[in-house]
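Participant: Below you will find the structure I want to go over with you.
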Amino acid sequence: MIQQAIAKVLEGEDLTRAEAASVMTEIADGGATPAQSGAFLAALRMKGETVDEIAGAADVMRQRADRVRVDRDVFIDTCGTGGDGRHTFNISTTAAFVAAGAGVCVAKHGNRAVSSRSGSADVLAALGVNVDADKETVERCIEEVGIGFLFAVRLHPAFKAIAGVRRELGVRTIFNLLGPLANPAGARHQVLGVYEARWVPVLGGVLAALGAAHAFVVHGEGLDEIAVTGMTHVCEVRDGQVERYTIRPEDLGLPRRDAAELVGGDAAANARIVTDVLEGQAGGPRDAVLANAAAALVCAGAAKDLRDGVARAARSIDSGAAREKLRQLVAATTVPA
């Protein structure tokens with residue numbers, strides 16, 4: 001199948017959802033050579049990935065994931081694509097703790113760094129979380145603490161083989177978009193940041209096709225986050241309906257911030273910023289977290305709108321609830337000596 005798919009894509013023709021799924025299955029099963037996999041990914045990138053192609057690939061990633069059981073009707077993910085190249089601190093990871101502190105169940109999917117020096121797994125490890133905890137521990141964390149970390153590299157074993165091909169290609173491919181679409185717990189409520197604004201409507205269409213209950217796809221001022229530095233492009237998906245709009249910090253009751261305030265560093269430096277935010281320190285990092293946590297609360301049904309979400313997120317931080325969720329997650333994932 002992959003040879004025919006390469007030929008079709010090189011002619012500029014789009015694949016159907018089923019065809020894309022067949023190719024991804026072949027890659028996952030080891031039926032495609034590294035050369036074929038690389039050619040397919042590069043050809044698809046040159047043509048431009050469509051909603052159906054991304055949805056078909058995501059179908060297979062979801063099917064092949066090592067499933068994490070969550071016994072809740074509503075739980076969220078705040079996983080973005082990464083790769084925006086702006087080297088901010090880990091905003092969406094911090095927002096996950098704030099959402100959890102506000103009473104929302106979180107199954108946080110993430111990985112090591114893509115373009116920054118600190119991905120969600122890196123900063124969580126620096127904060128003391130055992131990101132390599134086994135699946136049973138992760139499930140227990142979600143159930144008892146209300147937040148758990150789903151480490152992508154451990155829970156998507158079928159796609160380990162493609163990592164080398166992606167590394168050798170050295171360019172973004174469909175896999176850069178797939179991670180946030182393949183939460184191993186099957187989260188249907190999520191905030192998904194994308195590294196370029198052009199992907200906002202595309203990923204919105206994909207989430208609608210995949211059956212998202214309530215989700216936000218966002219890109220703000222070059223970031224795969226809701227921006228407090230300027231305008232954010234939003235695609236809100238709700239039970240198959242897709243709405244596009246833009247928001248500014250002022251719409252959320254937040255001041256406009258300078259991008260330099262949000263720049264992070266390595267995992268240790270970012271862990272200090274996360275800690276400062278969770279301890280209530282005012283400033284740009286806090287406001288960025290409030291904006292993104294607000295969207296998480298809205299998609300979970302825990303806030304009526306983004307302004308209300310900001311207020312509830314602020315209470316989660318200022319009451320100490322968000323910080324306590326981090327402490328509990330560290331304790332729950334740490335193996336006793």
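For all residues, glycine too, the Cβ spot is worked out from N, Cα and C.
Residues annotated as anthranilate 1 binding site in Swiss-Prot, with sequence analysis given as evidence: G80, N111. If you look up Swiss-Prot, you'll see G80, 83-84, T88, 90-93, 108-116, S120 marked as 5-phospho-alpha-D-ribose 1-diphosphate binding site, on the strength of sequence analysis. As annotated by Swiss-Prot, Mg(2+) 1 binding site applies to S92, E225. According to Swiss-Prot, the feature anthranilate 2 binding site maps to R166, an assignment based on sequence analysis. Residues annotated as Mg(2+) 2 binding site in Swiss-Prot: D224, E225.
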Participant: Would you mind listing, in sequence order, the residues at least six apart from H109 (5-phospho-alpha-D-ribose 1-diphosphate binding site) in the same chain with a Cβ closer than 8 Å to its Cβ?
Facilitator: D77, C79, L150, A152, G179, P180, A182, N183, P184, A185, A187
Participant: Counting across all protein chains present, how many other Cβ atoms fall within 10 Å of the Cβ of N111 (anthranilate 1 binding site)?
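Facilitator: I count 19 other Cβ atoms within 10 Å of it.
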Participant: When DSSP is mapped onto helix/strand/coil, what comes out for S92 (5-phospho-alpha-D-ribose 1-diphosphate binding site)?
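Facilitator: Reduced to three states, the DSSP call for S92 (5-phospho-alpha-D-ribose 1-diphosphate binding site) is helix.
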Participant: Please work out the number of neighbouring Cβ atoms within 10 Å of the Cβ of E225 (Mg(2+) 1 binding site), leaving out its own Cβ.
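Facilitator: The answer is 29.
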Participant: Going by DSSP, is H109 (5-phospho-alpha-D-ribose 1-diphosphate binding site) part of a helix, a strand, or coil?
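Facilitator: Assignment for H109 (5-phospho-alpha-D-ribose 1-diphosphate binding site) reads strand.
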Participant: Given the binding-site residues T88, S92, which one is most crowded in terms of C-beta atoms within 10 angstroms?
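Facilitator: For the binding-site residues T88, S92, the Cβ with the most other Cβ atoms within 10 Å is S92.
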Participant: At the Cα level, what's the spacing in Å between E225 (Mg(2+) 1 binding site) and T88 (5-phospho-alpha-D-ribose 1-diphosphate binding site), rounded?
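Facilitator: That separation, Cα to Cα, works out to 10 Å.
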Participant: Hey, of G80, R166, D224, which of those binding-site residues are within 10 Å of R112 (5-phospho-alpha-D-ribose 1-diphosphate binding site), Cα to Cα?
Facilitator: none
Participant: Taking Cα-Cα distance, which of the binding-site residues S92, N111, R166 are within 10 Å of D224 (Mg(2+) 2 binding site)?
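Facilitator: So far as Cα distances go, the binding-site residues lying within 10 Å of D224 (Mg(2+) 2 binding site) are S92.
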Participant: How far is it from G80 (anthranilate 1 binding site) to S92 (5-phospho-alpha-D-ribose 1-diphosphate binding site), counting Cα to Cα, in Å?
Facilitator: 8
Participant: Hey, does DSSP put D224 (Mg(2+) 2 binding site) in a helix, a strand, or just coil?
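Facilitator: The residue in question, D224 (Mg(2+) 2 binding site), is coil (DSSP, three-state).
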